[in-house]
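Q: Copied straight from Swiss-Prot:
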- 58: active site, proton donor (ACT_SITE)
- 121: substrate binding site (BINDING)
- 216-275: NADP(+) binding site (BINDING)
């Protein structure tokens, strides 16, 4: 079983919290059937994954909860405390009075008493009637960061979440949040990979003590919205051949060497294990230099999901 390092999160109030640097993502489109998802999560636990990333919007919280219960029954883990669980507040419920009911619904789905990291999923508020995307402009509203964050802090104070964070937040949004936060965000989860390196935003987060977690670290390859700009890179392929590793392993190692944790998703048993096997080598200065010059392009924009509305384009411009 692979041994995965952990990172200490510095923005968790008075608590010291550690998080495994590689987490298994559980989003899939179209959504995987529950039995397939549960089997994959159990296999991931056997392989050594201890961090699992889900969200209310993914529809995978119940699958993860049932898999955790089964892992306990099978004694793959001795206690729920061995796992680090991240889930997210969906944008349709991103208002002060809905945060507490939302985390309680997630806790029920997951069959756990606390969440390790509760994250604001999107930097917008969506109307509750949203069922399909793109959406009309009036259904995309500015996020009331102050009131929502106060409710997130309450989740932590009540012990329902051990850490709280954000996702897809720009530096200006983080500046606003930090100006009033009693408990600063522990993480900012962002799309990041060798083909979208986000150095300026990462440097900002580091200076503020906010840890960055990368989603789509392989460019969302093999999905309808991703492409092969990472796994198909000639430069990454050249480095992979020289090291006897896969292009995915080189890409994940690069993300890790930036001081960033990773959420990667595969339900393939072999790839699942390969994605953990990145801690027995390092990239050379020459290799890092080559990768720093890869062509840069963001994989998914909010405008491509929600529509080219002014509020959406403004966030895309900063990310």
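From the backbone N, Cα and C atoms, a Cβ is placed for every residue, glycine too.
Map these features onto the structure and tell me what's around them.
A: The Cβ of residue 58 (active site, proton donor) lies under 8 Å from the Cβ of 26, 27, 28, 31, each on the same chain and at least six residues away in sequence.
Using a 10 Å Cβ-Cβ cutoff, residue 121 (substrate binding site) registers 21 neighbours.
According to its DSSP assignment, residue 264 (NADP(+) binding site) is in a strand.
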Q: Far apart in sequence but close in space: which same-chain residues, 6 or more away, have a Cβ under 8 Å from residue 248 (NADP(+) binding site)?
A: 218, 231, 271, 274, 275
Q: Which state, by DSSP, holds residue 256 (NADP(+) binding site): helix, strand or coil?
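A: Assignment for residue 256 (NADP(+) binding site) reads helix.
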Q: CB neighbours of residue 264 (NADP(+) binding site) within 10 A?
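A: That number is 23.
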Q: Using only C-alpha positions, which one of 216, 240, 256, 264 is spatially nearest residue 121 (substrate binding site)? These are the binding-site residues in the record.
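A: Among 216, 240, 256, 264, 216.
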Q: Helix, strand or coil for residue 240 (NADP(+) binding site)? Use DSSP.
A: helix
